[in-house]
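Undergrad: According to TrEMBL:
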TRANSMEM  36-55  transmembrane segment
TRANSMEM  75-92  transmembrane segment
TRANSMEM  99-120  transmembrane segment
TRANSMEM  198-223  transmembrane segment
TRANSMEM  257-276  transmembrane segment
TRANSMEM  288-311  transmembrane segment
TRANSMEM  317-335  transmembrane segment
Amino acid sequence: MADVEQNAAVPDGSSNGSDAVNGTAGRFVSSAEGTALAYGSLLLMALLPIFFGALSNLDNNASDMPETITSRDAARFPIIASCTLFGLYLFFKIFSQEYINLLLSMYFFVLGILALSHTMSPFMCRVFPAQLPNKQYQLLFTQGSGESKEEIVNYEFDTKDLICLGISSVVGVWYVLKKHWIANNLFGLAFALNGVELLHLNTVSTGCILLGGLFVYDVFWVFGTNVMVTVAKSFEAPIKLVFPQDLLEKGLGASNFAMLGLGDIVIPGIFIALLLRFDVSLKKNTRTYFYTSFLAYIFGLGLTIFVMHTFKHAQPALLYLVPACVGFPVLLALFKGELTEMFSERHDSVHLEEKTKMPRPQLCGSTLN
């Protein structure tokens, strides 16, 4: 997972934090107010997709999800992530960084547009004028003919979805051309929200396996090698949230950023969403474990920022987030005598008999069959 970092220079908005990722080159001594604003903004941006993604995650059923993460998936994930990370490291060592980042920019351009459109759709439903016609459309791809005809893609959408797609495309072009930090954050928040909303853990044990494995992964690749730092310095993509520490001095053209990787939001976020489903499964009309883990995340991320600011060195956020997000809820369950229920039951949406009464924003008219 990407680290929490500070004092990363982004000249002319063209590298999006790829220079001085370890805070040693182009060092900028920010004001106390600028530093506090940057850290506070990162914390707020991290909390938004976790909170709203968890609520949306609660009402997702099996048809809404690509798949539920099982214990086997969780155990393999750190290995797959390590292979991917090392593969990127070799690619950047062997091939031209410029061409690799061009391919990555196109890839994340498409993904970002789709993710941002999906995120905007519920809000567009509320603000779209009722006087305007909302026409329905269908995109259908089939394979074969006659009785052997098989649907490959059957996507239904409407005018509101087209407007969302148009706005998202403008943001995408802005990001590709300028690599501006605001465009980066719009895509990053959309990725994080969709990740927390659509990824499901089936049990608390699976969540502990996933977070424990990524805890080791994060610490090893940050402190044990230079692989993650090298990839982070070379990789240009909206896979992190950034906020300028010199915003007060330079305005929107600021170029020295504090950063937070999306993995440090999504991975703890899906575990927090799992604990919300556990709250619902207890049928006590409380959200004790959800709010405990949510506050634990704030504590863990705050501790990460404090240590980084104190020692002036990038930190693997999962080093602090995993013990906090797992430890506090487990201790609470032990205190309340609910530890057995926490680890012995499945808490994916298919097995919940009661849904939360908190409203979940729905997509306007888009469905994918």
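The backbone N, Cα and C atoms fix where each Cβ goes, and this holds for glycine too.
Please treat TrEMBL annotations as automatic predictions, because they have not gone through curation.
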Undergrad: Which one of these stretches, 75-92, 198-223, 257-276, 317-335, has the most C-beta pairs shorter than 8 Å to the transmembrane segment (36-55)?
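TA: If we count Cβ pairs closer than 8 Å to the transmembrane segment (36-55), 257-276 scores highest.
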Undergrad: Do the transmembrane segment (257-276) and the transmembrane segment (75-92) share at least 3 Cβ pairs under 8 Å, sequence separation 6 or more?
TA: no
